[in-house]
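Record features (TrEMBL):
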BINDING   H105, D138, D200  Mn(2+) 2 binding site
ACT_SITE  D107  active site
BINDING   D138, E173, H450  Mn(2+) 1 binding site
ACT_SITE  E172  active site, proton acceptor
DOMAIN    223-369  domain 'Peptidase M20 dimerisation'
SITE      H233  site 'Important for catalytic activity'
Amino acid sequence: MSSSSSSVLEMEIFQYIDVHQSDFIENLKEWVAVESDSVQPALRKEVIRMMALAADRLSALGATVNSVNLGSHQLLDGEDLPLPPVVLGELGKDPQKATVCFYGHVDVQPAKKEDGWKTDPYTLTEINGNLYGRGATDNKGPVLAWINAVETFTALKLALPVNFKFVIEGMEEAGSLGLEKLLEENQYFFSDVDYIVISDNLWLSNKKPALTYGSRGNACFCVEVECGSKDLHSGTFGGIIHEPLVDLIALLDSLVDPTGRIQIPGIYDSVAALTEEEKKLYESIEFDLEEHKNNGGVKKFLYDTKEDILLHLWRYPSLSIHGIEGAFHEPGIKTVIPAKVIGKFSIRQVPHMDLSVVKQQVVEHLEGVFSKRNSPNTLKVSMPLGAKPWLADVNDPLYKAARRAIKTVFGEDPDFIRDGSTIPVARMFQTITQKSVMMFPIGAADDGEHSQNEKISRHNYIEGTKVFAAFFLELSKLH
């Protein structure tokens, strides 16, 4: 396709999207109205209804749709609850064309008006160009933007530039229960897939588009110190025993120093070295330190430059202490010596760090600190949860195609960013399918995913639909 005919085609597609804005917003309104909260068992039937709506929408595109039943899972109280199906869709089977698979989820985090929402969270409401509602940006808006982009080609009776596959789930906010097993059992579904795209994160700024190529993993630890079978009175036992909470505080204090450096020997040994090429990616990134401080309500960071802050958020490990179970934490004073306390902390690990090695380093360090205290208390260290980091190659053709699409629609090159938190689904797709995976967000940094007044701007939703359509055309040029 010549560049002139391709730009005429883009104009036609973008014009269609502009003209049909209100339809696309109406679609989002319908989806946001479904209280598809996967966290609260009482709302599971709404999640299942939402999955049926998503399946119907793909069928209306002309896709072949398979709603895969995942059975049920058991709640803590022993109740069995059905898992929502995962929707697998397929549109186009031309062996001459690239095949792109899109992953998204249509379940949401809990939301109530009385939590501090200005509007009803399940009624999409437009105020000053922003579309407020639970799921607007995470993840119903981006899923619909992708579907709207595909629909634009069919509505204009244009040949599909690529073949499409869809994986849409309804348990992402509750840990994607059953998804990994489904992907492993349906590997044939991905046999002809060239690229996998996930749009379930945000830009780093409010204005400048971004592409995400990595995320940190997370290893969660519990460190338990136990003295005896019951809590004791500090008047009767204070001063004559080794108190578990004193031991625990010493253990937690040994983990990280005031500069934020983790004190566990060997923890930095396998962290990937920073290359010059990678360092350059950080220079052009748009990131406002003051704004980030204000968003967090903090006065000072550990580092002063944008580059140092982002490097320590994205590509170096961090250790955070989250709490102590078993200690007295209510208002007032209670002179108790707790018999057993459990400290909770996590390490966000980065590429080349091995989870089993990290666990061993943590256990050895804590046991070493504890043995020097000569305490008769018992120590137990466990790692109840471990998720691996994810990293993609920014020079992959997939990223180049997305970059060109962003330049076409937004008129500027995107920031290449990583995520300081953990995105298990990106790693899961990459490991199981062995295909190129990219995270292609369309939401802005201030969208407030998971919090009150979640929104996506009308601009990002509509231009996001255009950027996906332009991306399909760019992918078609790669083949």
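Positions of Cβ are set from backbone N, Cα and C atoms, glycine also.
Features as recorded by TrEMBL, highlighted on the structure.
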residue : record                                  : contacts (Cβ under 8 Å, 6+ apart)
H105    : Mn(2+) 2 binding site                   : N139, V143, I168, E169, G170, M171, E172, E173, S176, D200
D107    : active site                             : S36, D37, S38, V47, M50, P84, E169, G170, M171, E172, E173, A174
D138    : Mn(2+) 2 binding site                   : V108, Q109, D200, G443, D447, E449, H450, E454
H233    : site 'Important for catalytic activity' : T335, V336, I337
Model confidence over the domain 'Peptidase M20 dimerisation' (223-369) (mean pLDDT, whole number): 96
Other CB atoms, at most 10 A from the CB of E173 (Mn(2+) 1 binding site): 20
Cβ within 8 Å of the mean position of the Cβ atoms of D138, E173, H450: remaining residues of the chain near Mn(2+) 1: V108, Q109, G135, N139, E172, E449, E454
Cβ packing number for H450 (Mn(2+) 1 binding site), 10 Å threshold: 14
Other CB atoms within 10 A, centred on E172 (active site, proton acceptor): 23
Listed in sequence order, residues not in H105, D138, D200 with Cβ within 8 Å of the centre of the Mn(2+) 2 site Cβ atoms: G104, N139, P142, V143, E172, E173, E449
Other CB atoms within 10 A, centred on D200 (Mn(2+) 2 binding site): 22
